[in-house]
Amino acid sequence: MSPVDFKDKVVIITGAGGGLGKYYSLEFAKLGAKVVVNDLGGALNGQGGNSKAADVVVDEIVKNGGVAVADYNNVLDGDKIVETAVKNFGTVHVIINNAGILRDASMKKMTEKDYKLVIDVHLNGAFAVTKAAWPYFQKQKYGRIVNTSSPAGLYGNFGQANYASAKSALLGFAETLAKEGAKYNIKANAIAPLARSRMTESILPPPMLEKLGPEKVAPLVLYLSSAENELTGQFFEVAAGFYAQIRWERSGGVLFKPDQSFTAEVVAKRFSEILDYDDSRKPEYLKNQYPFMLNDYATLTNEARKLPANDASGAPTVSLKDKVVLITGAGAGLGKEYAKWFAKYGAKVVVNDFKDATKTVDEIKAAGGEAWPDQHDVAKDSEAIIKNVIDKYGTIDILVNNAGILRDRSFAKMSKQEWDSVQQVHLIGTFNLSRLAWPYFVEKQFGRIINITSTSGIYGNFGQANYSSSKAGILGLSKTMAIEGAKNNIKVNIVAPHAETAMTLTIFREQDKNLYHADQVAPLLVYLGTDDVPVTGETFEIGGGWIGNTRWQRAKGAVSHDEHTTVEFIKEHLNEITDFTTDTENPKSTTESSMAILSAVGGDDDDDDEDEEEDEGDEEEDEEDEEEDDPVWRFDDRDVILYNIALGATTKQLKYVYENDSDFQVIPTFGHLITFNSGKSQNSFAKLLRNFNPMLLLHGEHYLKVHSWPPPTEGEIKTTFEPIATTPKGTNVVIVHGSKSVDNKSGELIYSNEATYFIRNCQADNKVYADRPAFATNQFLAPKRAPDYQVDVPVSEDLAALYRLSGDRNPLHIDPNFAKGAKFPKPILHGMCTYGLSAKALIDKFGMFNEIKARFTGIVFPGETLRVLAWKESDDTIVFQTHVVDRGTIAINNAAIKLVGDKAKI
């Protein structure tokens, strides 16, 4: 296999004075490239300028025998950066859009200035540089572009509405460039790296930063920039030696008859089906897809029109009575239909349009509804728009950001004015109106935002670089607002409509006209504006009677544990990096994604035996060490009642809260508490680890078995702890730690526990100490069908304060400052509390169990709502998941209970 090289290739790297950009520059130069090292040299927040950063990198390249030139221009002056390349080297072949700054702030505090500054550097700078290089790419029939996105761009991130917007916009930009560049051999891709840089050093703990060197990211960038790369329009997640493609997955969705029976009520009735990715019983046209373009709406609407009228029997009531809704761009087209529908469901509608909106208002009033006109331009009059709403109705409940313009043009011919004007309406306008409505939502603890994107934003589209990037930016913005709004009951969702309007008329074929009416989109929007909408941060595609959900799907990927990963590793493992046939994941948050990546990176089954240098005699020496006495835990009915109440028991369930009840009992997960009431628990396995730091421990799974039924409600329990297995995972260790708890007087075995911990930055021997029960090792994958049972479990804002009294006093769960130090916006709920809440919900439905196993896959904040989904897999086994309704994440997965009785009560 011939090595990848960049001989005679000219590479521009923006933001190359440090971090990722610096490392890229050095590596490109080593492989023969002529490098333009661009860096303004400013501070991380974008202030100032200093040429030294770029000069230092160039000096190092030249010292090592490479060729490079420094460039000190702002990325907004992209033509000057390209001019530097052309003057020195004659052309440009590769652009790495890497420059970036941070201006983090919550939605409540973020200013338009902070928002636009980040958009300018990340997105508009990428546009300026790429636009200036495009003619050279076209002329030489060769170009490579790598846009630097981020996990925040994929999933949103608290306090980063600006950054997430820009980073997701770069995805849509890359997709459109890929489509337009195809005939010129111009390949455009995007990466979402988690790497050590000036930016991440300020937000990640040092132990994690050690794993996130730029040397782990560069090999992928080098490959995507090479002549050998044939991939284009693709996205990749990369961190710590993990490389995987991530792509869009679209659910088969639901077809509705597109007639008068298509209402918000029938959408509400079948809403869970829209989100269901089990397509095993669906026809071919409703199978899940992994698309690069909009759906086959011609087939979908044709099939939808064959259906009988929609059945609304049993559908929930949908009402927006007295809700105040602002709909932008509602003077005509989609917005007008939305306004009429919201009014029909009882809302007070403020009809915004930069033209006269009175016609829509008059139609609403004529139909018996209430409406008020607003004639302002969302691009520049956002404050006046919100003021008009408040002056008229005193508040705002729902915001539909619908206003839009098109300025379609091929990228080669697109002007900066055409780029800016589309961005100002779609992206800046959406941010500003959301920002200004936010305080009213927070004050009343209710808000609904529906942001209108486009399939051009999700998949890119020829001739729409401006539109697709802005609409893609709305995705990251919306997901961030959904995360931030969760604690205040502010829900934000995204809709990509396919409908015929005056603005979109030119893109429809003649035979498609009059098939995709705007009123076929409105039923979904009405439901998304209601009190009862169960999701936030979700993306929907809709048109012609079809509604589907769109999410990320990530390949299993490839992992390199080499200290110096080369571009050849990417080349040799490209099939694995882009393989979606097995072990795919659907991450929905930066936490979920990074935890899965961390776990994957740990999975090095090929560690050399020679790394294990412990003397065999150490084991014997350990046995001679003085041992702590096995702890004895004394508990009574007070401890039992306190624990039961923390898991939701009430006075309507006396068996849990009244010690004199004839059926007084404890929820079985009580049996894990001994591990938090004994110092020996951790001490007993710490001696097996080298360089162990308890701050780097993650509780990954927990298995518990009740051996004596029913479990006692008072007594003395003596517990012995023992390791079950230690498994090195690269520079990390997975340890399975066991305990057995017996009655201190009779010696009868009461409980056994197995806790699986993932511990970073330590070493251990690869050793199995004891066998494990089959139930503990079963993966318990959730079936690809609708659950047999589901129930929502509200989590009190104060639950962590109560639950910690049972033993787990970790300040992470109560102290805001400690939580911030751990990079959480506020204290998180105990994982074992989520475990117990789920267990009680299952007991209430199915009856008691004596075995439970679960994997922790996400965090829960007090005040959120859990949704426990359960599947009956056999007479005595119930598989379950626990979701966080507010953020659309999964907190517990790969979980099951084994019932005490013979059969499940279902």
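From the backbone N, Cα and C atoms, a Cβ is placed for every residue, glycine too.
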Same (3R)-3-hydroxydecanoyl-CoA site per Swiss-Prot - residue from Gly671, Gly831, Gly836 joining His699, Gly700, Lys729, Tyr757, Asp808, Asn810, Phe856, Thr857, Gly858: Gly831
Residues satisfying Cβ distance under 8 Å from Ser149 (active site, proton donor), sequence separation of at least 6: Lys167, Ser168, Leu170, Leu171, Ala190, Ile191, Ala192, Phe235
Structural state census, the domain 'MaoC-like' (782-893) (DSSP three-state): 33 helix, 35 strand, 44 coil
Inter-residue Cα distance where the pair is Tyr467 (active site, proton acceptor) and Tyr163 (active site, proton donor), in Å: 18
Tyr467 (active site, proton acceptor): tally of other CB atoms within 10 A of its CB: 28
Tyr467 (active site, proton acceptor) - helix vs strand vs coil (DSSP): helix
